[in-house]
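According to TrEMBL, the S-adenosyl-L-methionine binding site annotation covers 16, 18, 43, 64, 89, 111. According to TrEMBL, the domain 'Ribosomal RNA adenine methylase transferase N-terminal' annotation covers 23-196.
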Ligand code: SAM
């Protein structure tokens, strides 16, 4: 008997399976795999993206935590292409090592478990030099925050941290009905392209994290108040900023300048 995807979706693993063929096609069109691309999928689930990707590209690597999905997914994939399935928590996967094992930088894709999306994003950023690009489905609200500019209500730590290191492009809005079970919120697909080292102007990552975290820790406060323990008004002015500004008014380049000046 063939193995089947007969277990109910597991909420704690963020399992909302995509079934809308039109959305799947749009994602694969956006990814546009080229021969030789090393595509690594996070959370293949029942193969909604994986199987059409194999049809198109012939091979892929996928990282899935849920053991119950391994056998049916392996069987479903066998007729479609070469799937290398890794049964691990993606947070434990060293993408730099994986890229080395696969022979070069990787392209990440995934309809991410929403409860883990920020940790996965930051984990991927830690390995940005081994990653060519990422195409992720996330909650639309998270994508809005990632892509926001200063002055927007949703501009915050996530916007600044991601935009300092990546080009962020929202691509496709996806309604709840495209998934089973349907999530309560809208989703969106975003493309992230890590900047080459020559374009990254952050000098000290840890210092940058500290400045951004403190500035947005109390987002209604002025830089003067929020950054009291981190840097003084002279440093704020030297970065071309006014101490009376609030974090949400400061562009990404302003935070980078401030962290670089006061490191
Ligand atoms: N890609 C499939 C689709 O589009 O229908 C499934 C997407 S579902 C939103 C998220 C997938 O991530 C599930 O298959 C879930 O089991 C898997 N997952 C959840 N936590 C994970 C983790 N820590 N590491 C790897 N996979 C995980």
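Placed from the backbone N, Cα and C atoms, the Cβ positions cover glycine too.
Annotations in TrEMBL come from automatic prediction, not curation.
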Q | Site of maximum Cβ density within 10 Å, from binding-site residues 64, 89 | A | 64
Q: Measuring CB to CB from residue 16 (S-adenosyl-L-methionine binding site), give everything in the same chain under 8 Å that is also at least six residues away in sequence.
A: 9, 111, 114, 179, 180, 181, 182, 183
Q: Take the Cβ of residue 111 (S-adenosyl-L-methionine binding site) and count every other Cβ within 10 Å, whichever protein chain it belongs to.
A: 29
**Q.** Residues satisfying Cβ distance under 8 Å from residue 18 (S-adenosyl-L-methionine binding site), sequence separation of at least 6
**A.** 24, 45, 48, 49, 111, 137, 178, 179
Q: Give the helix, strand or coil assignment DSSP yields for residue 18 (S-adenosyl-L-methionine binding site).
A: strand
